[in-house]
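Novice: Could you have a look at this structure, given as structure tokens, before my questions?
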Amino acid sequence: MFIDEVIITVKAGNGGDGSAAFRREKFVQFGGPDGGDGGKGGDVIFVADSNINTLIDFKFKKLFKAQNGENGQKKQMYGKKGEDLIIKVPVGTQVRDFTTGKLILDMSVNGEQRVLLKGGKGGYGNVHFKNSIRKAPKIAEKGGEGAEIKVKLELKLLADVALVGYPSVGKSSFINKVSAANSKVGSYHFTTLEPKLGVVRLEEGKSFVIADIPGLIEGAHEGVGLGDKFLKHIERCKMIYHIVDVAEIEGRDCIEDFEKINHELKKFSEKLAGKKQIVIANKMDLIWDMEKFEKFKSYLAEKGIEIYPVSVLLNEGLKEILYKTYDMLSRIEREPLEEETDITKLLKELKIEKEDFEIIRDEEDAIVVGGRIVDDVLAKYVIGMDDESLVTFLHMMRSLGMEEALQEFGVQDGDTVKIADVEFEYFE
């Protein structure tokens, strides 16, 4: 099954907490702080793999998490680093933020590895908080939280040439003839239900890639038929083969066919309509009215579009097109890729920032202190409930501006102040 769009959530590993352990050994009276640092959380890494050609592996599993780092231990032992999460995707996969649609990663080169999210930093053990005044700190740092983001994976096939045209004009037969592709061929509409890639190999190592795009019909850009589901795969191609049934086997006019398909391309994207296009006039072996063919040829000449009469069935006229195409491709620059968004900046934009200090009175008339600074400190440190640790915590909050915020709120001597699980009476 060909799946080219999925929505998943990815999360980097959390860092392990630092340890607040103390050295306790026989004959060592004052062991001192002995807690090791936590291990770093695992990263989320995307890898482009040419052996994969669909996003079906993401159809049923929607949450992907890297491993957390392990906590630090006594004897200053570091926690083990969390294992990185490797996510393999087809070459041509774009990773976009689900909320904003911004491009984060464009996996366009086989084998490239890109870090999407970095794991949280491991927290410091209490040995880092020892100083000349605080010789036995009972405080340690929590591990940093691994970033999490909801993303849309979108596969856009990387081919040099895209085959477009109405259903049953011979696109699949063409790609099978000129490459090793194995597209299904049938005498009914929409025989090809998903894009297929084929490599055209000429002599002396010359080659290029063709994408067989499922047949388009009028109204495709609005979802008619197979709709615009696969039009995006043409966006990265350098040029277009527009295959037309000039024998008009199904009773349609070939000029109208040509105009309608180009109308659909333009409605989907001006970029598609502006791509270099050559017309392959197929089924010349079945044509009965050469006058209509000459009319079509003159019509295209007025527009400056090249036409190549061929019979795919009889293998006539194909070689000339392939060599001409190779020469043309060497002169066409691939369009520059869309600029990627810096993931660090994006995560900051998506984060809802609180005020530094958010202060209210509760139903018991106590002053409750919260806000971004409080959240950050509580998230960052493992704080013991002994007197020394609580004093250290309050000194930390005071240095970060809590007292000024309380005074601005209108705190009075004797007021009860609550911060998380800490409660105290305020005196200036």
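Cβ coordinates come from backbone N, Cα and C, glycine included.
Below, the features straight out of Swiss-Prot:
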type	residues	note
BINDING	165-172, 190-194, 212-215, 282-285, 311-313	GTP binding site
BINDING	S172, T192	Mg(2+) binding site
DOMAIN	1-158	domain 'Obg'
DOMAIN	159-330	domain 'OBG-type G'
DOMAIN	349-428	domain 'OCT'
Novice: Reported as an integer number of Å, what is the Cα distance between P214 (GTP binding site) and S172 (Mg(2+) binding site)?
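Specialist: On Cα coordinates alone, these residues lie 9 Å apart.
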Novice: Which whole number is the mean pLDDT over the domain 'Obg' (1-158)?
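Specialist: Mean per-residue confidence for the domain 'Obg' (1-158): 85 out of 100.
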Novice: For each of the binding-site residues (G165, P214), count the other CB atoms lying within 10 A of its CB, then report the residue with the highest count.
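Specialist: Result for the most crowded candidate: P214.
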Novice: Going by DSSP, is S311 (GTP binding site) part of a helix, a strand, or coil?
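Specialist: S311 (GTP binding site) sits in a strand per DSSP.
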Novice: List, in sequence order, the same-chain residues at least six positions removed whose CB sits under 8 Å from that of K283 (GTP binding site)?
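Specialist: Result: V169, G170, D245, V246, A247, I249, S311, V312, L313.
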Novice: Starting from the Cβ of S168 (GTP binding site), draw a 10 Å sphere and report how many other Cβ atoms land inside it.
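Specialist: Cβ-Cβ neighbours of S168 (GTP binding site) within 10 Å number 20.
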Novice: May I ask you to report the DSSP-based helix, strand or coil state of S172 (Mg(2+) binding site)?
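Specialist: Once the DSSP labels are grouped into three classes, S172 (Mg(2+) binding site) ends up as helix.
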Novice: Would you mind checking how many other C-beta atoms are within 10 angstroms of the C-beta on E194 (GTP binding site)?
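Specialist: The answer is 19.
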Novice: Validating a neighbour-count step here. Other CB atoms within 10 A of the CB of S311 (GTP binding site): how many?
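Specialist: A 10 Å sphere around the Cβ of S311 (GTP binding site) contains 18 other Cβ atoms.
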Novice: Tell me, how many other CB atoms lie within 10 A of the CB of S172 (Mg(2+) binding site), whichever protein chain they belong to?
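Specialist: So the Cβ neighbour count for S172 (Mg(2+) binding site) comes to 26.
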Novice: How big is the Cα-to-Cα gap, in Å, between E194 (GTP binding site) and S172 (Mg(2+) binding site)?
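Specialist: A Cα-Cα distance of 11 Å.
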